[in-house]
Amino acid sequence: MRGQRSLLLGPARLCLRLLLLLGYRRRCPPLLRGLVQRWRYGKVCLRSLLYNSFGGSDTAVDAAFEPVYWLVDNVIRWFGVVFVVLVIVLTGSIVAIAYLCVLPLILRTYSVPRLCWHFFYSHWNLILIVFHYYQAITTPPGYPPQGRNDIATVSICKKCIYPKPARTHHCSICNRCVLKMDHHCPWLNNCVGHYNHRYFFSFCFFMTLGCVYCSYGSWDLFREAYAAIEKMKQLDKNKLQAVANQTYHQTPPPIFSFRERMTHKSLVYLWFLCSSVALALGALTVWHAVLISRGETSIERHINKKERRRLQAKGRVFRNPYNYGCLDNWKVFLGVDTGRHWLTRVLLPSSHLPHGNGMSWEPPPWVTAHSASVMAV
C-alpha cells in the first residue's frame, strides 16, 4: 500500500516542491496557497487512515496483486469449462475417426479373431474412459461439514475460518476446503479430493492405455497415410506446373478423391494426437502412481519434503503417518477389500465409495506398534 501511494502521489509532490523552490511561497496567489494547504491536509488524513507500521513491502505487493489474483481465480473457472469441452471434442473426434476411417480399412485386412479382440478391447477401454471422466467431473471431492464440534481437527483454515481435518486443504479456485485434496484439475473443472481421486487416476490410466492402443495399432495406417499425403503434395505441385505451361486453361482431374484426402489427414491427426497425449498423460499417470504408492497426495509431497529436511537437520527420520505400505496403499486408494474386487471395482466400472470419511484416518501398523511399545514401557 505504501508503494502504491508513493507511486500516485509522487508526481504531485514533485510539482509542489518545484513551485516552492522557484520562489512562489510568498508571491503565489491565494488560490495556489489554498491548494498547497489542502494537499498537506489531505496527505495527513491519508496517512492517519492508511498508515500501518507493521506493513512492509510484502503487504504492499500482496495488496497490489490482489486484483490479479481475483482475475486469475475467476478466469480459471471459465477455463475449466473450456478444457472439459476440449477433452470431449478431442475424444469424440478420435472415436469418430476410428469408426469412419479405421474400421472400414481393417475390415478388409484383419481376420475375424483379430477383429473380435480389437472390438471388445477398444469398447471396454472407451467405456472405462467415459465412465471415469464423467464421475471425476460430477462427483464432489468432499468437503468438511460446517457447524460440527465432534470432528477431529488439526488446524483452522485461514480462509474459511473453520476447523480443518487432517489432510484437508483450501482450494483458492473453488473457495472451499477439500478433504484429502490433491490438486485442482482444470481438465475436470473440479478439485481432486477424497471422493473422486480414484476416478481421476483411473481416467488418466485408461486414457493413457487408449492412446497407446490407438497410436500403436494405427502405426501402419499412419505410415501409409503420411506417404500418401507427401505424394499428394508432390502431385499438386506438378499439376500446377503443368497447368502453367499449357496454353489452354483446363485443370486435370484430381488423382485422390476428397474422401481419400480426408481419410489420410484424419489418420495422421489421430496418430499425432494419441501419441502426444500418451506421452504427456502417461508421465502424469506414472507420477501419481508413485505418489499413491507412497501414501501421499501432490500437496502432501511438498509438505513431507519440507518436514523431512527439517527433521534431517535435527538428526531424526521422517515417516509418513499415512503410508500403509505399497500394496495396502493401493488397496485403500482403489477400495479393494477382496480379490474379486480387482475385477469388479478396478477393471469394470464401479461407483463404490472410498474407504473412510476423509476426516479421520486409521494409523498404519508401524504407528500402532510404536504406540503399543510405548504403552508397555
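A Cβ is built for glycine as well, from the same backbone N, Cα and C atoms used for every other residue.
Here Swiss-Prot flags CYS185 as active site, S-palmitoyl cysteine intermediate, drawing on similarity to another entry. Under the heading domain 'DHHC', Swiss-Prot lists 155-205. According to Swiss-Prot, the feature topological domain 'Cytoplasmic' maps to 1-77, 138-198, 288-377, an assignment based on sequence analysis. If you look up Swiss-Prot, you'll see 99-116, 220-266 marked as topological domain 'Lumenal'. The transmembrane segment feature in Swiss-Prot is assigned to 78-98, 117-137, 199-219, 267-287.
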Contact set, same chain, for the transmembrane segment (78-98): CB under 8 Å, 6 or more residues outside the stretch: 122, 126, 129, 133, 137, 186-190, 214, 266-267, 269-270, 273-274
Cβ neighbour count within 10 Å of the residue listed as 'active site, S-palmitoyl cysteine intermediate': 19
Helix, strand and coil totals (DSSP H, G, I; E, B; other) for the topological domain 'Cytoplasmic' (138-198): 3 helix, 19 strand, 39 coil
Secondary structure tally of the topological domain 'Lumenal' (99-116) (DSSP, helix then strand then coil): 14 helix, 0 strand, 4 coil
Intrachain neighbours beyond the topological domain 'Lumenal' (99-116), with Cβ under 8 angstroms and 6 or more residues off its ends: 218, 221, 263, 266-267, 270
